[in-house]
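Okay, here's the structure, questions in a sec.
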Amino acid sequence: MPNFQKFETFDKLTTVPCPYAPDCGGCQHIGVPYGHQAQNKINDLSGLFTAAEVAFPKPLKVLSAGPAHLRDRLDFSLQDGRLGLYRTDRHEILDIEVCAQLSPALQGWLSEFRKIQWPFKRGSFRLRVGPEGQRGLWIDLANVDIKTLLDEQNILRSLQQQAFVEIGQRRKVPVWTGNEFKLRDPEHHVWFQSWMNDIPVNLYCQVASFTQPSHTANKIICDVIYDWVKRYKAQRLIEFGSGIGNLTFPALAGAESVLACEIDELSLQGLERSLNELPASMSHLKDRVTIYRRDFQKKLTQDFSQFDGVLANPPRSGLMGFLNPLKSLAPEQRPEFFIYMSCYPESMARDLVTLQECGYRMQEVYIVDQFPQTDHYEVLGLLQREKA
C-alpha cells in the first residue's frame, strides 16, 4: 500500500505572498495559513456530505503536494494590452507578471511569452509545460484576428521558435508552406503524464486538451487510484469519462481489464496513441483495454453486472442518467466497488446519494489539494457494495 502520510503532513502555518492580492480573482485565500485552508475544505466537503445524508469515514483527509507553485498549465486572457486574470472587483483583466500558482518552468514560459506585442484587443491563451519541459501554446482569437495573425507571420515565427503552437477551438496547427502559414489538423504530442505505480506513462494529447493542472499533484491522484483498484481481485473495470487516459493507466496497473468510455474523439485518439506507444515491456497491457465512444451521461448500453468495479470521473454536471441501469440490477449483480473522482463536490454528493441507495458505502475519501489558495479541490472516494 502506498504511503500517503507524507502528503498528509504539511506546514499548517505557511502563507503564500502575492503582489496582486487582493485584486486578482485567481486565488481566494492568499495570505491565509495553509492549515486553515485545508481545514476549510474539509469543513466544506463534510457539510455537503452531511446535508445530503451521505455516510463518510471520519476524519476526512487532505493530501497536498504543497501550498504553491504546482501548476504546469495556465489559462489567461488578453484585454487592451493587459495579460492576466480577471480582477475581483470588476470584469477587467489584471496584468500579471508573476504568479505563485505556477511551477518554475511555467513561470519562465510566461515571462518569455509576455515579451510578445499583440496587435489585438482581446484573446485567450493557454500556456503549458510538458513532462520533459517542452513548451506549448494554445491561442484562441476571433476568426478575423486569427487571419491577421497568420498573415502577419512574424509573431507566429517567433512563437514557434519557443513552443509548439495550436490555434482556435479546433486546435489547428499553423504550418509554414514556404510563403504563408496554413492551419493543419490537430496533432497529438506528449503534454501530460500518467503513472502505473512508479512507472511514468506518456499521454498524447493537445495543448488545449483537458488535463489535471499539475504533474506533481497528478502523481498523488494516480497512486490513490492504483492503490484502490489493486485491492480487489479479478477486476473487470468500466471507466466513464476516460479522457486521454490519465486514470486509465493507474487502473490498468491493477485491473484485469478496462473498458474506457469517452465521448470526445480527439481524447480517445490520444488514449489509443498512448497505449500503442507503451514500452515493449508493457505493450501487452494495451490488449486489456477496450475503447468505447458514447455519451455515457445520456444512455448506457453496457451491462453493469459484467464488471467488478466502476471508475468514474464525470464533468461538473455529475453522472446524471448513467446510474439508472445500476438501480435495475439485483444487489448481488452490482459491481463490488465504485471509485468516484470529482472537482465539483456538489454534483458528487448528489450522485453519492444514488449510490448509497444502491447499497454502496464510502470506505475511504481523500481531498487532493491540487488547487491551493483557492476554493477548489479534487475529491476521490472509494465505495464498496454491502454484502447481502
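Backbone N, Cα and C atoms are what each Cβ position is placed from, and that goes for glycine too.
What you see is a predicted model, and the numbers here were worked out from it, not measured in a lab.
Pulled these from Swiss-Prot:
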| type | residues | note |
| --- | --- | --- |
| BINDING | Cys18, Cys24, Cys27, Cys99 | [4Fe-4S] cluster binding site |
| BINDING | Gln212, Glu262, Asn313 | S-adenosyl-L-methionine binding site |
| ACT_SITE | Cys343 | active site, nucleophile |
Are there any residues at least 6 positions away along the chain from Cys18 ([4Fe-4S] cluster binding site) with a Cβ closer than 8 Å to its Cβ? List them or say none.
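Within the chain, Cys18 ([4Fe-4S] cluster binding site) has Cβ neighbours under 8 Å at Cys24, Cys27, Ile30, Gly31, Cys99, Ala100.
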Which residues of the same chain, at least 6 positions away in sequence, have a Cβ lying under 8 Å from the Cβ of Asn313 (S-adenosyl-L-methionine binding site)?
Glu239, Phe240, Gly241, Ser242, Gly243, Leu247, Tyr340, Met341, Ser342
Which state, by DSSP, holds Asn313 (S-adenosyl-L-methionine binding site): helix, strand or coil?
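Asn313 (S-adenosyl-L-methionine binding site) sits in coil per DSSP, no helix or strand.
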List every residue in the same chain as Glu262 (S-adenosyl-L-methionine binding site), at least 6 positions away in sequence, whose Cβ is under 8 Å from its Cβ.
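The list for Glu262 (S-adenosyl-L-methionine binding site) reads Gly241, Ser242, Gly243, Leu268, Leu271, Ile291, Tyr292, Arg293, given in order along the sequence.
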For the C-alpha pair, I'd like the distance in angstrom between the residue listed as 'active site, nucleophile' and Gln212 (S-adenosyl-L-methionine binding site), rounded off.
10
Excluding Cys18, Cys24, Cys27, Cys99, please set out which residues of the same chain place their CB within 8 Å of the center of the CB atoms of the [4Fe-4S] cluster site, keeping sequence order.
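Close Cβ neighbours, site residues excluded: Tyr20, Ala21, Gly26, Ile30, Leu85, Ile96, Ala100, Gln101, Gln373.
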At 10 angstroms around each C-beta, which of the recorded positions Cys27, Cys99, Cys343 has the fewest other C-beta atoms nearby?
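Lowest Cβ count within 10 Å among the recorded positions (Cys27, Cys99, Cys343) is Cys343.
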List the residues in the vicinity of the S-adenosyl-L-methionine site, defined as same-chain residues other than Gln212, Glu262, Asn313 with C-beta within 8 angstroms of the site's C-beta centre.
Phe210, Gly241, Ser242, Gly243, Ile244, Asn246, Leu247, Met341
Tell me the Cβ contacts of Gln212 (S-adenosyl-L-methionine binding site) under 8 Å, same chain only and six or more apart in sequence, or just say none.
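The answer is Phe192, Asn218, Ile221, Asn246, Gln370, Glu378.
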Tell me, how many other CB atoms lie within 10 A of the CB of Cys24 ([4Fe-4S] cluster binding site), whichever protein chain they belong to?
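Total other Cβ atoms inside 10 Å, all chains included: 19.
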